[in-house]
C-alpha cells in the first residue's frame with residue numbers, strides 16, 4: 001500500500017503503514033504454514049461486474065468461520081434458551097448473528113487490506129505485557145471452545161451407541177478424530193473446505209428435520225424473532241441471553257477469519273482488487289452466517305416448542321409411554337421445570353417423535369463437534385504465530401489444545417454426572433462472552449486506523465455501530481458478573497474473583513484507551529502510543545515488532 005501516513009518528523013521518529021509490500025501474482029505462504037500453504041487464484045473477469053466464478057473462488061473462509069457459530073456450545077445455548085424462554089430470545093439470536101457478521105466483516109477487511117492477521121497486528125502495536133495477556137485470554141477462549149467440542153462429541157457417541165460408549169470413552173475418542181482431520185488437511189485446501197461444507201449440510205438437514213417434525217407455532221416464532229422483548233424474564237433468561245452472545249460471537253473466530261482470507265490471491269497493489277475482495281468476502285460471510293442462523297433457529301424453535309415450561313414429571317411420562325421408555329429415568333419425578341441439556345434434548349425428541357429423531361439429533365451433534373475441531377486448531381496456530389512469532393507443527397499445536405481441553409473434561413465425565421458436564425458447557429458459553437472484548441476492541445482499534453487500513457479505515461457510521469456493539473457487550477457482561485457474584489458458594493471465592501476481575505478490568509481499560517485514540521481522542525496518545533494515531537515507527541517496521 002503506497003504512502004506514508006505519518007506526520008512530519010517528530011523527535012526523529014517517522015510513522016507509517018504496517019502493510020507488507022504488495023506484489024502482484026501468486027503469494028507464497030511462509031514455510032511451516034498450514035491452511036495458508038496453498039493459495040487459491042482468483043479468475044480474471046470484467047472489471048466492476050459481479051461474477052459467480054469469482055464468488056466461488058472467494059468461497060471458503062466464510063464457511064469455515066461460520067462453523068464457530070454452529071459448535072456444540074451453540075447447540076447447547078440454543079436448546080437451553082428455547083427451554084427456558086420459549087421463543088422470547090429469538091430476537092437475541094438474530095441480532096447476535098448480525099453483530100457477529102459486522103465483527104467478521106472487520107476481521108476480513110483487516111486481513112485483505114494489510115496482508116496480516118489480527119494476531120500479527122497486535123504483535124506489532126501492543127507493548128509486551130498487554131500483548132502476552134491478550135494472547136493468554138484468546139488461548140483460554142480456544143481451549144474453552146475445544147472443551148465444548150469434546151463434550152458435544154462425547155454426548156453424540158453416547159446417544160448413537162445407546163449408552164454403550166460411556167462419556168469418558170467418548171471424550172477419549174475425540175483424540176483420534178482430531179488426528180484424522182490433520183490427515184485430511186494434506187489433501188488440499190479446497191477439498192478440506194468442501195468437507196466442512198458437507199458437515200454444515202449434515203447439520204442443516206438433521207436439525208431441519210427436527211424442526212419439521214416438531215412443527216413450532218409459526219406466529220409465536222415470528223413474534224419472538226422480530227419483536228425485541230422478554231416479558232416476565234429474570235436472571236435465568238439473562239444468563240441465556242449472555243450465553244447466546246458468547247456462543248455466537250466467539251473471540252478466537254475474529255482472529256481466525258482475519259487469517260483465513262489470506263488464502264486467496266489478492267493483488268494488494270491494486271485498490272480495485274482490494275475493494276472487490278472485500279465485497280466478495282462480505283457476500284460469502286453473509287451467506288454462510290445466514291445458513292448458520294437458520295440452523296440455530298431450528299434448534300431454538302424446536303426446544304421452545306417441545307420443552308418450554310415442561311416439567312420433569314411430564315417429560316418422564318412422555319418417555320415412559322414411548323418406545324424409548326428405558327430413558328425415562330433420566331428425568332426426576334417431580335413438578336420442577338425440566339433443566340434440559342444436549343443429552344436430554346436428544347432423548348426427549350426421540351420420546352416425542354420416535355427413535356429416528358434421537359439418532360438424527362445425535363448425528364447433527366456429532367457433525368457440530370467434528371466440524372469445529374479443525375477450525376479450533378487453525379485458530380490456535382494462527383494466534384500463536386501472530387502474537388508470539390512461534391511456529392509449531394499442526395500435530396504439536398492440536399496436541400497441546402486438545403490435551404488442555406480433555407483433562408478437565410474427562411475428570412468431570414468420570415467423577416461427576418452428565419448434568420455437571422452440560423453445566424460446564426453453559427459456563428463455557430458465558431466465558432466466551434466475557435472474553436469477547438479482547439477480540440472486538442483490537443479489531444475495532446486497528447480497522448479504525450488510517451495508518452493501517454489507508455482509505456479502507458472505518459468511517460463514522462461503522463465506528464458508531466462497532467463502538468455500540470462493544471458498549472453493549474461490556475454492559476451485559478458487567479451486569480452478569482454483578483448478578484453472579486452474590487451466588488458464589490463460599491466467601492473464599494470472592495478474593496479469587498476480585499483478583500481475576502482486577503486483571504480483567506485492567507486489560508480491558510488499556511484496550512479501551514488505545515481504541516479511543518484511534519476514534520479521535522488524540523489527547524490520550526502519549527509517547528510510544530502515538531503509533532495508534534500515525535502508524536508504526538519505521539524502525540519498528542524494520543524489526544517487525546514493537547519495543548517493550
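From the backbone N, Cα and C atoms, a Cβ is placed for every residue, glycine too.
Summarising the annotation, Swiss-Prot assigns topological domain 'Cytoplasmic' to 1-55 (among others).
What Swiss-Prot lists as region 'Disordered' is 1-38.
If one looks beyond the transmembrane segment (56-73) by at least 6 residues along the same chain, the residues whose Cβ comes under 8 Å of a Cβ in the stretch are 40-43, 97, 100, 104, 108, 145, 148-149, 151-153, 155, 189-190, 193, 196-197, 199-200, 203, 247-248, 250, 252-253, 256-257, 260-261, 263-264, 277, 280-281, 284-285, 287-289, 291-293, 295-296, 342, 365, 368-369, 371-372, 375, 378, 425, 428-429, 432. Annotated transmembrane segment per Swiss-Prot: 56-73 (among others), in sequence order.
Annotation comment: Swiss-Prot describes 74-82 (among others) as topological domain 'Extracellular', evidence class sequence analysis. The DSSP breakdown of the topological domain 'Extracellular' (74-82), given as helix, strand and coil counts, is 9 helix, 0 strand, 0 coil.
For the transmembrane segment (83-102), the residues of the chain that approach it from at least six positions outside its boundaries are 69, 216-217, 220-221, 223-231, 233, 236-237, 240-241, 244-245, 248-249, 285-286, 289, 292-293, 296-297, 300-301, 303-304, 307-310, 338-340, 465-466, 469, judged by C-beta separation under 8 angstroms. What Swiss-Prot lists as transmembrane segment is 83-102 (among others).
The topological domain 'Cytoplasmic' feature in Swiss-Prot is assigned to 103-139 (among others); the stated evidence is sequence analysis.
Look at Swiss-Prot and you will find 140-160 (among others) tagged as transmembrane segment.
If you look up Swiss-Prot, you'll see 161-164 (among others) marked as topological domain 'Extracellular', on the strength of sequence analysis. For the topological domain 'Extracellular' (161-164), the model gives a mean pLDDT of 84.
If you look up Swiss-Prot, you'll see 165-184 (among others) marked as transmembrane segment, on the strength of sequence analysis. Sequence-distant neighbours of the transmembrane segment (165-184) (same chain, 6+ residues past either end, Cβ-Cβ under 8 Å): 149-151, 153-158, 191-192, 195, 369-370, 373-374, 377, 394-395, 398, 402, 406, 409-410, 413-414, 418, 421.
Swiss-Prot lists 185-193 (among others) with the feature topological domain 'Cytoplasmic'.
Under the heading transmembrane segment, Swiss-Prot lists 194-214 (among others).
Sequence-distant contacts of the topological domain 'Extracellular' (215-237) (same chain, at least 6 residues past either end, Cβ-Cβ under 8 Å): 84-91, 94-95, 297, 301-302, 304-305, 483. The topological domain 'Extracellular' annotation in Swiss-Prot covers 215-237 (among others), and the record cites sequence analysis as its basis.
Positions annotated as transmembrane segment by Swiss-Prot, on the basis of sequence analysis: 238-256 (among others).
Here Swiss-Prot flags 285-304 (among others) as transmembrane segment.
For 305-346 (among others), the entry in Swiss-Prot reads topological domain 'Extracellular'.
Sequence-distant contacts of residue 321 (N-linked glycosylation site), defined as residues of its own chain at least six apart whose C-beta falls under 8 angstroms from its C-beta, are absent. The N-linked glycosylation site annotation in Swiss-Prot covers 321 (among others).
Sequence-distant contacts of the transmembrane segment (194-214), counting only residues of its own chain at least 6 positions beyond either end whose CB sits under 8 Å from a CB of the stretch, comprise 63-64, 66-67, 70, 184, 291-292, 294-295, 298-299, 301-302, 305-306, 349, 352-353, 357, 360-361, 363-364, 367-368, 370-371, 374-375. Against the transmembrane segment (427-447), stretch 238-256 has more CB pairs under 8 A than any other of 140-160, 238-256, 347-366, 398-415. Within the same chain, residues at least six positions away from residue 335 (N-linked glycosylation site) with a Cβ under 8 Å of its Cβ are 311, 312, 313. Across the range of the topological domain 'Cytoplasmic' (185-193), the DSSP-based residue counts are 8 helix, 0 strand, 1 coil.
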